[in-house]
Amino acid sequence: MDFSELEKDNTGRCRLSSPVPAVCIEEPCVLGVDEAGRGPVLGPMVYAICYCPQSRLADLEALKVADSKTLSESERERLFAKMEEDRDFVGWALDVLSPNLISTSMLGRVKYNLNSLSHDTATGLIQYALDQGVKVTQVFVDTVGLPEIYQKRLQHRFPEITVTVKAKADALYPVVSAASICAKVARDQAVKSWQFVEKLQDLDADYGSGYPNDPKTKAWLRKHVEPVFGFPQLVRFSWRTAQAILEKEAEGVTWEDSAAEEQEGHRRITSYFRSEGPRARAPHRYFQERGLESATAL
């Protein structure tokens, strides 16, 4: 996989894909969707699709694809290489979502939670396959959230396709297993080849599994937190594990546009101009609606 685009700018997202096999344009195809890296506090989340003609599903099964979580790294890489060799009937595409994109989406003024981001990314990849001319007739998806709701949403979006959304789909359907392998191999490679733009002292890549409960990952986060600027872009700063370390190790910040009640110990600016005595009468509704008060001193 060529990650040169991600290495140039790892603040957003990038899409990678294989050439579309000619047979996938000519014959009805089945497509699987899965992801890797949903839970870690470090690194990107990768969504992947894999597709092949229905007439060649037996050939895909013959590769012995399986849920990527049950395979070793070397087994995953071997199976992905085999799929690359069989690109005359197997195709794939993936979206790499950077930690920065995930965190800014989740913490923005308009919240964009991880489930919604996941659903939209999967939908975008299915549409991408269709736009490339793949003759998709069946889609199998490993669920995020309630499978019934997710399936209904996808079925409404793609009414001409038969959609099946199930928990553990990566262990039930070979085409989803293949997508799982593509996603996991891509995430592993993206993390290993991550380009740190930050100039941190003693920066190392020994950060363990990247999952929040990994002691080695927690130690790496504590070591590389910067008191003012926070974490390198490899870190999902919206994760509670990262936030807890920031609250303990980094400097506190007061934002000028934060609500007054969120700034404990800080008085509202209007309090400096408020009369100490009782009001003779209530202010006009015009001033009440706009939060305006009379300034009695400067």
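Cβ coordinates come from backbone N, Cα and C, glycine included.
The domain 'RNase H type-2' annotation in TrEMBL covers 28-251.
The divalent metal cation binding site annotation in TrEMBL covers Asp34, Glu35, Asp142. Other C-beta atoms found within 10 angstroms of the C-beta of Asp34 (divalent metal cation binding site) number 28, with every protein chain shown included.
The region 'Disordered' annotation in TrEMBL covers 255-276.
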**Item:** Averaged pLDDT score, the domain 'RNase H type-2' (28-251)
**Value:** 92
